[in-house]
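For reference, Swiss-Prot has these:
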type: BINDING; residues: Cys354, Cys414, Cys417; note: [4Fe-4S] cluster binding site
Amino acid sequence: MALQTGEPRTLAEKIWDDHIVVSGGGCAPDLIYIDLHLVHEVTSPQAFDGLRLAGRRVRRPELTLATEDHNVPTVDIDQPIADPVSRTQVETLRRNCAEFGIRLHSMGDIEQGIVHVVGPQLGLTQPGMTIVCGDSHTSTHGAFGALAMGIGTSEVEHVLATQTLPLRPFKTMAVNVDGRLPDGVSAKDIILALIAKIGTGGGQGHVIEYRGSAIESLSMEGRMTICNMSIEAGARAGMVAPDETTYAFLRGRPHAPTGAQWDTALVYWQRLRTDVGAVFDTEVYLDAASLSPFVTWGTNPGQGVPLAAAVPDPQLMTDDAERQAAEKALAYMDLRPGTAMREIAVDAVFVGSCTNGRIEDLRVVAEVLRGRKVADGVRMLIVPGSMRVRAQAEAEGLGEIFTDAGAQWRQAGCSMCLGMNPDQLASGERCAATSNRNFEGRQGAGGRTHLVSPAVAAATAVRGTLSSPADLN
């Protein structure tokens, strides 16, 4: 990334330049102003302690939003949290927000939910913003044409105290996805295919801009899914230039501009596009028409294949590190090379997370489950990304479809995306999940995770093996 030079700039460079408080001149980090700081219970306690020790207040509490998501249960939310560590973290967040004057959406609040679902649904996430959170998947907000990234606890304290962050410029990458997506192929399949192509380190040190006709055709929910998993390709952030789809999503939301302020904002937002002639450090191309439903077989998001394929054979891999990683992954996943992905049976299906816990995702799942039943021996959890999403799903009759099918329809939270709350796999259980990480033990010690789209998750729940909706016909 570069400072203003009069030369064509990428979208990321434009936002960066607009937020420089003090330039490092290329020798030191730039001091970047932060427009929105999102906070949750896991990465914030030490940051608030640091403020107390230094006798500081939160610099811009009105630009800070907190919500409870990682540790919260998704059933019996009116009861005390059973796990003492989780309970302490949630109670600590509540005390800290009360003391420092930060708005908090707690369990039972209609706006409570996963932080990366709540920000956009409230209209707080807007084009051209810099957004940070002590959470890897902050890149989700880049779907709105924002520069959004996860930060560590010490950086959380710095932003709370100063509303700025010292950062070194990133490299830029363009991921061009052109063509028409085949029926049954979703945003989740695009990002899983990309990570399989470039690897979990392919985007390291870069901000990815997703471009092309296939990206432009996606809803905001689809764009958020793709930007959410940018970090799984090693990228610092992911983004999509704002357009009419973006503006339509934002219009009328609680914190979106209105009246003359909307008109002024729109003028700025419409300038947020990569200039003709701007040069990216790296470019990658995907043919949308060639994509199909994707699923992971291993223990990182890059270890994925089309659902129609088979478990790969490590002995056919020429790279030693790749082969050794594959052998280790297959041993953990208890899979044999050559096994058709569609033959792999699951014990559980999880629909939710900041990747795929929005209303559009739930509609897709409901369409597959309508008039069908979850297979015997399969436990299916459907967890909305926020209580607002849950209320909308209930209003549309989706909750009844889920429960009629035999799925568990839960309250909002991060749930089975990660083993920090009661929703976990038992050791040896296998799960098809719409979340973003399939690391060893991610969903519970010894649990085995296959990352899939909402459509594949729903079809898998019905058949009991990894499947797409086409397999149900």
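In case you wondered, yes, glycine gets a Cβ from its N, Cα and C as well.
The [4Fe-4S] cluster site, placed at the center of the C-beta atoms of Cys354, Cys414, Cys417, has further neighbours from the same chain whose C-beta lies within 8 angstroms: Asp69, His70, Ile114, His137, Gly352, Ser353, Thr355, Gly357, Gly385, Gly413, Ser415, Leu418, Ser435, Asn436.
Under DSSP, Cys414 ([4Fe-4S] cluster binding site) is assigned to coil, being neither helix nor strand in the three-state scheme.
Its Cβ placed at the centre, Cys417 ([4Fe-4S] cluster binding site) has 29 other Cβ atoms within 10 Å.
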